[in-house]
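In what follows, a structure is listed as structure tokens, so that the remarks can point back to it.
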């Protein structure tokens, strides 16, 4: 996975009076562009299930997946809950239950089921007027957000300092070491850094994960833990997000194909 990638699984709601209430679940790396494609039809890159039935509104998106594969698996399970062994307890759509309400019910159980329950996901309502409380509610480490995803920030000048403006050459051979294992951090590695002011923690992802998982030896992915440096509480998802923001690259030319593979069967 490239640093700074955005992988989201969204819920569309149809506003067309002839098809009002229909929904569509999809995957995207660019929410704003994707909803334009849906409303533009197949010729603009929209899905065949949404083509000619617009306008569509993207009302909800779940993001923070560690990879495109993880997001696509989440998308598939949300689309086919009866076929997912993780969601056999959810049950079918009830008589009189709106399609939108059913998809929210499925989502609520997905966020509480493994493997998704341990991912650093964010539940974001793009349209606050569509918001409904999920039952059961998301885990405490999954924040609830509103509005469009924040724009991608430019990479920070990690080596910038007073000397940069003075015309001095930056130091080239600085030996930066992991706070936990004391081994050197290689140039190609993106260390995790504590965001709290005054804390100098810089650590390998694996080293900090092992530190956080000491209280949960049976797990592979941490949720949160105390910073070994300043002892402040840290959410694992926040650390990963900050790490990506600091090493982000432009991906407009290498964007993943967003059309679901099942759509290809209809062409």
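Each residue, glycine too, has its Cβ placed from N, Cα and C.
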From 77-107, 108-138, 139-169, the residue range that Swiss-Prot assigns the feature region 'Disordered': 139-169
Secondary structure of the zinc finger (178-230) by DSSP, residue by residue, totals 11 helix, 8 strand, 34 coil
